[in-house]
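Novice: The structure that follows is given in the form of structure tokens.
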Amino acid sequence: MGETVRFGISMDDQLLESFDRLIEQKGYANRSEAIRDLIRAAQVELDWEEGEKEGVGTVTLVYNHHVRDLSDKLTEQQHAHHDQIISALHVHLDAHNCLEVLVVRGKARDVRRIADELIGVKGVKHGKLVMTTTGEGLH
């Protein structure tokens, strides 16, 4: 980690009040930590947009396991990407619906492609990709 540098920020007083409320709601110790977190979040988002850096994402799927061949199709997709899908959690939500959470690691563009393939399988009721970082290069 590098040397800490102090700098000033100018902003509208109403925006600052809004920011201070956000800091309190999120439980940050101070403005500096909140600003550092915002910068990190922007950096991670930029890495995902560029698509070349390695990242990690969770793909959450909700589906009715009674839909013909759906479970098999999802399993086939997961096996096709066994090098990138590093973990899977399967939960029976009720007598019909299942939740799967898959942890996918790889280049950001590949993680997004795999998520799109899984979410796009006919019969998936809801799917969502949440993207994050491996932490490498993030200060």
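Cβ coordinates come from backbone N, Cα and C, glycine included.
What Swiss-Prot lists as Ni(2+) binding site is His79, His90, His92, Cys98, and the listing cites sequence analysis.
How buried are the listed features, and what sits near them?
Specialist: Annotation for His92 (Ni(2+) binding site): spatial neighbours Cys98, criterion Cβ-Cβ under 8 Å with sequence separation of six or more. His92 (Ni(2+) binding site) falls within a strand when secondary structure is assigned with DSSP.
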Novice: Based on Cβ atoms within 10 Å, give me the single least packed residue among the binding-site residues His79, His90.
Specialist: His79
Novice: In terms of DSSP three-state secondary structure, what is the assignment for His79 (Ni(2+) binding site)?
Specialist: helix
